[in-house]
Amino acid sequence: MGLPLSVVFLLAFTLFMFFFFFVMLMGDAEVFEGTPIGWLSDKLGDASDFMYSERFYLLIVRCCGERNAKRFNDAQEYVMHKPNPLLPGFYLFLVAGGFTIFVTQAFPHIPLRPEMPWGISSYHKPNAFIILAMCLFSFFMSAFRDPGRITGSNASEERTRYPYDGYIYEEKECSTCLVTRAARSKHCSVCDRCVSRFDHHCPWINNCVGLHNVRWFILFLLSHALICVYGGILLAYILIAIVKHEKLYDMFVRDPKLGVVRVSHSHAIRWTIQKNPPLVGLCFGLNAIGVVLFGFVLYHLWLAGTNVTTNESYKWKNLKRRSKRVAMQRAHEEGGRWQDHEEKVSNIYSKGFFTNLFEVLVLPPGVL
């Protein structure tokens, strides 16, 4: 007997979400150029560009009228390009709702036969609140801490923090803030400010990620990955413990084809889903989200270890692609391998993997 259709659907949805976020995060990497993953990444980028194109606006006008199209355009501008509390509010709703379901549905089973090898101990209750507190603490530190705003009063000091590398950073003025841009800084179009060591603008915290809050942002990702995976695995153990506590495998059921048979894994899964749907759904959801979040954590730890920001990673990719095109053109004109004509560039801000991690995650922002 196969798995229940609901379980198959949840597994398929989990795999789809993992693959989707993998393509979104890594699809434009050089290693995936010319592959189906790279092609999908390009198509997703094209779809995103289309959402902001005049063609899409005219399509909305044709379908819904000009007034509604204008409203849609204003709403899109507010949600995507202006500081707003929508996603932080949605985040708090998800955390409050998910944790409430966890407490009301899972806590009644904690502890559950802790003396047995498969039992659930009582210490999981305080653990859940400790990790939740870490999640909320890192959220508020990421959301409300100044990421490193550059103003006229501190622009001179910020320019001494990092040297210009001559590749992706050159001395020039920010046309909006009217200050000379410091190396590794960027003007955030959403927050309308220049930020030191700008990484990206995160709508989930309604704030930029920069020099002064990047460590809190990584802790934010890590703590939520931990609470999701911890909760998901704990729920799986609770479901297994419930099955064993009920001695389900000692029972018999009547099968339409085989007659009276002992309860199988498939029967146990069906019974578990029917008796504990909130626990099963939360178990799958938490594990799926946890896997995705750990992917983000590893990505940002890799960025920290190479001393590259998210913003810089795109700059380096574009620079290397341009360098490769120029080298291939020279190889075509002058002969030889294109690799021999490629300009060698390096990240002058990198000091070695572990030193970079220490600088980004531990060292006070004012000390370099």
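Placement of Cβ uses the backbone N, Cα and C atoms for every residue, glycine included.
Computed from a predicted structure; not experimentally measured.
The domain 'Palmitoyltransferase DHHC' annotation in TrEMBL covers 169-317. Feature annotation from TrEMBL assigns transmembrane segment to 7-26, 89-107, 128-144, 216-243, 279-302.
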Close approaches to the transmembrane segment (89-107) from elsewhere in its chain (Cβ under 8 angstroms; 6 or more beyond its ends): 125, 128, 132, 135-136, 139, 204, 231, 234-235, 238, 276, 278-279, 282, 285-286
Beyond the flanks of the transmembrane segment (7-26) by 6 or more, those residues with Cβ under 8 Å of it: 32, 37, 40-41, 44, 269, 273, 281, 284, 287-288, 291-292, 295-296, 299
Mean per-residue pLDDT computed across the domain 'Palmitoyltransferase DHHC' (169-317): 90
Secondary structure content, the domain 'Palmitoyltransferase DHHC' (169-317) (per DSSP, counts of residues): 84 helix, 22 strand, 43 coil
